[in-house]
Amino acid sequence: MKTGCAAGSPGNEWIFFSSDERNTRSRKTMSNRALQRSAVLSAFVLLRAVTGFSGDGKAIWDKKQYVSPVNPSQLFLYDTFPKNFSWGVGTGAFQVEGSWKTDGRGPSIWDRYVYSHLRGVNGTDRSTDSYIFLEKDLLALDFLGVSFYQFSISWPRLFPNGTVAAVNAQGLRYYRALLDSLVLRNIEPIVTLYHWDLPLTLQEEYGGWKNATMIDLFNDYATYCFQTFGDRVKYWITIHNPYLVAWHGFGTGMHAPGEKGNLTAVYTVGHNLIKAHSKVWHNYDKNFRPHQKGWLSITLGSHWIEPNRTDNMEDVINCQHSMSSVLGWFANPIHGDGDYPEFMKTGAMIPEFSEAEKEEVRGTADFFAFSFGPNNFRPSNTVVKMGQNVSLNLRQVLNWIKLEYDDPQILISENGWFTDSYIKTEDTTAIYMMKNFLNQVLQAIKFDEIRVFGYTAWTLLDGFEWQDAYTTRRGLFYVDFNSEQKERKPKSSAHYYKQIIQDNGFPLKESTPDMKGRFPCDFSWGVTESVLKPEFTVSSPQFTDPHLYVWNVTGNRLLYRVEGVRLKTRPSQCTDYVSIKKRVEMLAKMKVTHYQFALDWTSILPTGNLSKVNRQVLRYYRCVVSEGLKLGVFPMVTLYHPTHSHLGLPLPLLSSGGWLNMNTAKAFQDYAELCFRELGDLVKLWITINEPNRLSDMYNRTSNDTYRAAHNLMIAHAQVWHLYDRQYRPVQHGAVSLSLHCDWAEPANPFVDSHWKAAERFLQFEIAWFADPLFKTGDYPSVMKEYIASKNQRGLSSSVLPRFTAKESRLVKGTVDFYALNHFTTRFVIHKQLNTNRSVADRDVQFLQDITRLSSPSRLAVTPWGVRKLLAWIRRNYRDRDIYITANGIDDLALEDDQIRKYYLEKYVQEALKAYLIDKVKIKGYYAFKLTEEKSKPRFGFFTSDFRAKSSVQFYSKLISSSGLPAENRSPACGQPAEDTDCTICSFLVEKKPLIFFGCCFISTLAVLLSITVFHHQKRRKFQKARNLQNIPLKKGHSRVFS
């Protein structure tokens, strides 16, 4: 999709493999029959709306304590797991063993279900055949380097009719060989007794798990396994995910035995499964634990759910009920108080535990075995209601378990996601899902103190995926089911998991540790603006209007002109523009040394030629520059800055074909000369065109239009550069370049060679496309020319790159005085063969979103180390040139405390500092993007559209004052005072200076008037007193004396 950013801000077409899309894709893989079954559950879901119970886990949704997205506890954690952490991988017998009719194995309920319910699936003989190719499985385990292997015993392979009366010798031999091989390799076996493949005989004879007789039969089977294998097995799982056994086996019909619509059966089966597990645990605890010293649990699975509004208690309670009705259904009796959650017991369908049974059931697990995978999220309408959202947040559900069940030790006994069946070894999305899940586990251990002691990646091999049969794959190893030898080929996810195991987590590799240091004192610290819209008339007409006005204070309070009176006026001044005054105040707050903005070509030359020049607009821009220089802020001026919504060309030029017409290049030269002549004495840094490698995207009707427009843009830039070099540089002593959009590219899958090539190809098509002709060879990159030619030969493209004539090659080569780049993010690319008539298809590149990385609201990934790699790549390919980062920033929706932007600035400046100090890249300036924001665009601005400063303003100004990231005890930078503290009162005085001046004048005048009034009042009293004395009669012999 297209982002809503301008050409100066990041915007492109993205492919997002988000969790929501993955859920959608998972639902699409289900058969129509399975989807229809889900409709039966509409009545069941109503039961979950009952209120009454509120467990401790409900606190997990209380987000009143806001946690910043850039808080270390919320970011991807580069750290390692505890030293004794266990790494494993798992399989299910029915999924991988195959050979369902071989060596005496009896049929299971799933064998019948496959043939009766799953159309087009010819049994499990297409499976991985682990029963036959045991050695290949062991080699796969050796490749990964796991410390344990979790597998299940096939009950019908060991006991074909389900009872322990007659063991199948061949099946017994297979499991003994497997266990012996694991012990020999020092791989700990974790054995699951029941992973859904119930012997068919028990289903037909007893009705399966609906019959309580299964409790004793299961205990007999478990006892035999303990006796036979217990000397080599220290970890036992009784049942894998009983919720799915009960709910999908007897409620939705999505699993064997395929019964549906009977809630009584659903809860009866769940009840019997809990009691069966409990009986086996007590059996092991009493009879086998004393000498085998093992541990036993049951694997419980769940989804995770989030309320739409955490301040809506009803939504929160419904989320709690949703978790309790899935995970709590089994966890509460076993890990809790021995009984079902209270709100579930309000219905008459669920069985009751007697007090003795509660005591029997409670505490029958030595650790909490937890499953978190796609089966727990299907179908979505069984776990999601109005006001809720499904989430793949494994960390949160682990916290919920900790709160609900008294901080148990946890083994993640199943975790992973799926890919479509056509994916072979390049399972790139599976890598990111694993990375996300594993890091959430690490965060839970490190930040939340959750006691996770092991992780089971699911699954070792591609195999039968239950209701999805063979339409999805979950294995770390690819298996061609139609081949005879069933070779195990490691997928990218296998390589990745192997690396995780070797590193014991996520040690920091992508970047060196943070460092302290400064940029030089002449470093340009700037801020970038897009097109600066001019004021066509002065905002304040004070002293420019010759008329005198009287304010009618008693009537309508309007101003009335006094006829016949004319006042002396003065010419308008730069300070008369209110917008300039506001802009200068913003620049002063930021303490920048440079300000980059773009001129509006359409306003300066509305007709596109010199026949009509808007001098008022030129004067406005000159005022912007001059007022900034008074403040010590130097300009970098862009002549032409198109955006996605506006090409920025005068209408006559646009009507005549725009950049597809070479006349536009001539018009651009005339326009540039006018700007050099009118503003060049004040401007020393010029950008001709902003992001021409993105502007060409506007001419995307065909790839040839794109390449032609880009070619003409390059010619236009070169002509302007030569014009400046010849006529204006000797006098104005400035520098001219153009700015390129330069995002870095990384292979989305580092284990696939084609992704590495795609990443380099992206850089060639995106950056070298313009950089090679201008900085290097005078011609397009050879990689670009050869790749397009190759696609043409194969009929996959009709693109034709324009050719530079010898004259044009000489014209464009070397027409840059510095390297100006706009960098925003790092793209993770995959090779994808495309066949359209658009230029982007010539790259054969698509993007993948790394869900583990901090991203902005517009999905820009925060990958600071990418800018350092980019700078090193530029230095390596285009020699040691002066480089200006002319735009670097991110969108942040916060109107005041924009924490993502502050984090972004700090980390990207950190990486630029490393490039300068360690890699010796000649970085001359850093310009943050951008000064102000527009109401209709993502919020990239330091100031809001009504000029209110965000907290990033002060943060960036401190970076500038420190000239980087110095150590705390270092001396002040570049003549700065020892303490550069933020003076709130000083800022207020500066901002309110006119009002304060007026107030002082008013108070002074008031004081003078008051003094005069008091003086005259006292004088009058003296005079009155004197007159009174004259009227008093004198005594005889006295005379009046007047002084």
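Glycine is no exception: its Cβ is also placed from the backbone N, Cα and C atoms.
The structure displayed is predicted, hence computed values, not measured ones.
These features come from Swiss-Prot:
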TOPO_DOM  1-994  topological domain 'Extracellular'
REGION    77-506  region 'Glycosyl hydrolase-1 1'
CARBOHYD  N84  N-linked glycosylation site
CARBOHYD  N122  N-linked glycosylation site
CARBOHYD  N161  N-linked glycosylation site
CARBOHYD  N211  N-linked glycosylation site
CARBOHYD  N262  N-linked glycosylation site
CARBOHYD  N308  N-linked glycosylation site
CARBOHYD  N389  N-linked glycosylation site
REGION    515-965  region 'Glycosyl hydrolase-1 2'
CARBOHYD  N552  N-linked glycosylation site
CARBOHYD  N609  N-linked glycosylation site
CARBOHYD  N700  N-linked glycosylation site
CARBOHYD  N704  N-linked glycosylation site
CARBOHYD  N837  N-linked glycosylation site
TRANSMEM  995-1015  transmembrane segment
TOPO_DOM  1016-1043  topological domain 'Cytoplasmic'
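Remark: N837 (N-linked glycosylation site) has T702, S703, S798, S799 as non-local neighbours, by Cβ distance under 8 Å and separation of at least 6 in sequence.
Annotated pair N262 (N-linked glycosylation site) and N609 (N-linked glycosylation site), C-alpha to C-alpha distance, rounded: 81 Å. Within 10 Å of the C-beta of N161 (N-linked glycosylation site) we count 16 further C-beta atoms, all protein chains included. It is 93 Å from the Cα atom of N609 (N-linked glycosylation site) to that of N161 (N-linked glycosylation site). Distance between Cα atoms for N211 (N-linked glycosylation site) and N552 (N-linked glycosylation site): 97 Å, as a whole number. Ranking the glycosylation sites N84, N389, N552, N700, N704 by the distance of their Cα atoms from the Cα of N161 (N-linked glycosylation site) places N84 first. Of the listed glycosylation sites, namely N84, N211, the sparsest Cβ surroundings within 10 Å are found at N84. Taking the Cα of N84 (N-linked glycosylation site) as the reference point, the closest of the glycosylation sites N308, N389, N552, N700 is N389. Closest by Cα distance to N704 (N-linked glycosylation site), from the glycosylation sites N308, N389, N552, is N389. N389 (N-linked glycosylation site) sits 7 Å from N308 (N-linked glycosylation site), taking the CA atoms of both as reference points. Each residue in the region 'Glycosyl hydrolase-1 1' (77-506) has a pLDDT score, and their mean in this model is 95.
Around the Cβ of N700 (N-linked glycosylation site), the same chain contributes T706, R838, S839, V840, each under 8 angstroms and 6 or more positions distant in sequence. In sequence order, L558, L559, Y560 are the residues near N552 (N-linked glycosylation site), counting only same-chain partners six or more apart with C-beta under 8 A. Neighbour density at the Cβ, taken as the number of other Cβ atoms within 10 Å, is lowest among the glycosylation sites N262, N308 for N308. Here the glycosylation sites are N389, N609, N704, and the one whose Cβ sees the fewest other Cβ atoms within 10 Å is N389.
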